[in-house]
Amino acid sequence: MENRGIYYIDFGTQAQFIEEIEKMNSEYYFKNGKNKTYHIITYGCQMNVHDSEKLAGMLNAMGYVETQNLEEADLIIFNTCAVREHAESRVYGNIGPLKRLKDKKPELIIGVCGCMPQQLEVAQKLAKVFPFLDIIFGTKSLHKFPQLLYKAITTKKTVIDVAEDEDVVVEGIPTARREGVSAFVNIIYGCNNFCSYCIVPYVRGRERSRRPEEIIFEIQQLAANGVKEVTLLGQNVNSYGKDLPDGIPFYKLLEKVNAIEGIERIRFVTSHPKDLSDELIFAMRDLEKVCEHIHLPVQSGSTRILRQMNRHYTKEDYLRLVEKLKENIPDIAITTDIIVGFPGETEEDFEDTLDVVRKVEFDSAYTFIYSKRKGTKAAQMPNQVPDEVKHERFQRLVKLVEEIALKKNQQMLGKVCEILIDGYSKRNNLLEGRTRTNKVVNVKCSDEFMYKFVNVKILEASRHWLYGEVI
């Protein structure tokens, strides 16, 4: 018996729409001697990156071919993020100039999906401000993309689909992962925590876990296709299985993934501190494929502010967790998220945050200035912190975080570590890989090492990356 309100759907229901669009695109190819192309612009977290891989997989199945040139594309999709105002502003700024392209190419399909249009008022605003948009749909309608696209093509009208009540888990969506030997795998969707600053539960829905057998099957298929490293995704992976009848906890899922032949590294994001169990810490310690890295968002070091954020732990709780992690996994790298300028944050509260940063010595931190999100509890709170105070505190925090990150990376100098080379560096003529602790290492070596594990001696260190040579 399934949980009430959560529906398990097979993607096969979209087959007829995929077939119809593929037929249209085949006719286009025979008439014009070229394929129709698509271009996806992605904002936000790893969940969005993986959703874009699913969009690409569906488009490939419908006969489209990806292009890196937006101007040449026959279909453009913006996969959006709603966590911060800055991300939304970038989307509005990037859609506007496409009207010129749409006027030039009337058959061009332009769509907006993801977390922004999952908010009905935002979807309606997008349609009003940009009447040339063809498809607008939220996160809960991702699996219906072929159907929505077919409707937009055949009716020539803007299609809006924002499913507000239905929480679904859809299996079998085709996925076009980037080239390489690392892959993202969803294990749980949505969030039940309702942190007072966060829009995610409203745009991603309530927590709903994939069945363990579906996850294991997907990872087995990935391993059979040469994938060596998987990152298990969820807004809060520590909640995995709690909503399933006879579900297994997250640490048990890790044990199952650890047993899959061919998979050599396991990562996961994100972990909520309140749900980080001893069993999970012990699993990280004992399972040889689970990497020595955890992303554990602290958000604030002030117990008073954490209470206002609805985080359900104190400063002392967080520090005890970190101590336990370091006791059991001495080489663990800990990264985090920190918000500066939450409503009511005093200088004393901010000093508590700096104190946590000094005591934990995070390997890196994503630092954010508080961004008011409509519909969240924090947006209505009094004592909003003035912008100039937020920015001054932000600069102090970033300075401390980067000093510690540099110190931690310099401690790697002269050491030999294993990295999995998985692509080209942004620095010229270098390949790039990551250590088990998720540190980026640039290395000068031939392409024969691409997608392989190699031992590297660390020769240089900066705040954000290391440089080494193959030994």
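Heads up, the Cβ atoms here are built off N, Cα and C, so glycines get one too.
Per Swiss-Prot, these features apply:
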BINDING   C45, C81, C115  [4Fe-4S] cluster 1 binding site
BINDING   C191, C195, C198  [4Fe-4S] cluster 2 binding site
DOMAIN    36-154  domain 'MTTase N-terminal'
DOMAIN    177-407  domain 'Radical SAM core'
DOMAIN    410-471  domain 'TRAM'
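Long-range C-beta contacts of C195 ([4Fe-4S] cluster 2 binding site), restricted to its own chain and to partners at least six residues apart, with a cutoff below 8 Å, comprise Q299, M309, N310, R311. The average pLDDT computed for the domain 'Radical SAM core' (177-407) is 97. Within 10 Å of its Cβ, the residue among the binding-site residues C45, C81, C115, C191, C198 with the fewest other Cβ atoms is C45. You'll find the Cα of C191 ([4Fe-4S] cluster 2 binding site) roughly 13 Å from the Cα of C115 ([4Fe-4S] cluster 1 binding site). C81 ([4Fe-4S] cluster 1 binding site) and C198 ([4Fe-4S] cluster 2 binding site) have their C-alpha atoms 12 Å apart, to the nearest angstrom. Those same-chain residues not listed among C45, C81, C115 yet with C-beta within 8 angstroms of the centroid of the [4Fe-4S] cluster 1 site C-beta atoms are Y43, G44, M47, N48, T80, A82, V83, A87, G114, V203. Listed in chain order, the residues near the [4Fe-4S] cluster 2 site other than C191, C195, C198 are N193, F194, Y197, I199, V200, P201, Q235, each with its Cβ within 8 Å of the site Cβ centroid. Reported as a whole number, the C-alpha separation between C115 ([4Fe-4S] cluster 1 binding site) and C198 ([4Fe-4S] cluster 2 binding site) equals 12 Å.
For the pair C45 ([4Fe-4S] cluster 1 binding site) and C198 ([4Fe-4S] cluster 2 binding site), the C-alpha distance works out to 14 angstrom.
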